[in-house]
Amino acid sequence: MDYKHFKGVHANIVIEVISLLEKGVKKAQEILEKPDAGSYTKLENSSGDTPIKADLALDKFLEENFLSLENVKSVFSEEKEKPVTKENGSYLIAYDPLDGSSVMEANFLVGTIIGIYEKDYKAHNLAASLYVVFGHKIELVVALDQVYRYAFYQNKFHFIETIALENKGKIVASGGNQKDFSMGLKKALEGFFTENYRLRYSGSMVADVHHVLIKKGGVFSYPQKKLRKLFEVFPLALIIEKAKGEAFYFDKGVKKRLLDQGVESYHEKSECYLTSQHEAQILEKYLKGE
């Protein structure tokens, strides 16, 4: 892989993580392709979810590889109660080994989300983030100073494009239980569909956000506090912001930046809106004051 796009103080750790992923893609793919990969285990993770076999196998594989990096002090999986910590290193990695596992048996797109933090697991210390999506193609998206997209081909990640969202999109990925949506959110969504936006929600957050990114705009929304800050929300929020979009939530009817949120506990959850600029304005108009 050509690393010419990665510059700045955090470039080296990003390159090291990508290098590990590039070498490990085939192993990860083998794990996902096993006939029983989507079978549920009899275990329960720290968030109260029942992981599938591929979740645990990918988690073990990634943890071992991330801990092998000299400059990584701590590694924290969504599947674990607390981080695994070493004596040395400057960076902390939080990751969701298999986002979208609940729809894997339907052969939908799934992926691995990774946040690279510095000093501690706080949003303001998020140095970079990336994800890998597994489908008929394997792709990598990385946020450092900008957002870069790669495709895996012949054992290497090849650069496709620098992603920048346009002001307005045409995709809506609205997750959660619609009966619990506020009246403002229902009106905002109705307005998008009146403007011929297309519904593209799969149940895999990484897949739906990837769709918004490659279509250069739109809305991903999850108004219930179900998504984990450290492993899903913060890393994808950084990617959206670096792609010139907005990442926000509403606190008593006031729109606030996701990456300004604090973290009171490791597995704390949040609502989440990831959008291009126009859609952010529309959502604020309808949800303000609710």
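Every residue gets a Cβ built from N, Cα and C, even glycine.
Since the structure is predicted, the reported quantities are computational estimates derived from the model, not experimental observations.
What Swiss-Prot says about this protein:
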BINDING   GLU78, ASP96, LEU98  Mg(2+) 1 binding site
BINDING   ASP96, ASP99, GLU232  Mg(2+) 2 binding site
BINDING   ASP99, GLY100, SER101, SER102, TYR201, LYS226  substrate binding site
Completion exercise
Smallest Cα-Cα separation from GLU232 (Mg(2+) 2 binding site) among the binding-site residues ASP96, GLY100, LYS226 is shown by ASP96
Problem - Cβ-based isolation winner (fewest other Cβ atoms within 10 Å) among the binding-site residues SER101, SER102 - result: SER102
Practice task
Identify all same-chain residues not among GLU78, ASP96, LEU98 whose C-beta atom falls within 8 angstroms of the centroid of the Mg(2+) 1 site's C-beta atoms; report them in sequence order.
Solution key: ASP55, ASP59, SER77, GLU79, TYR95, PRO97, ASP99, SER101, THR112, ILE113, PHE231, GLU232
Problem - Cβ-Cβ distance under 8 Å to TYR201 (substrate binding site), same chain, at least six residues away - result: VAL172, ALA173, SER174, GLY175, ASP208
Exercise for the section: Within 10 Å of the Cβ of LYS226 (substrate binding site), how many other Cβ atoms can you find? Include all protein chains, please. Expected result: 16
Completion exercise
CB neighbours within 10 A of GLU232 (Mg(2+) 2 binding site), counting all protein chains shown, number 26
Practice task
Write down the Cα-Cα distance for GLU78 (Mg(2+) 1 binding site) and LYS226 (substrate binding site), rounded and given in Å.
Solution key: 13
Handout entry: Listed binding-site residues (GLU78, ASP96, ASP99), ranked by Cβ neighbours within 10 Å, top entry
Key = ASP96
Completion exercise
Other C-beta atoms within 10 angstroms of the C-beta of LEU98 (Mg(2+) 1 binding site) total 31
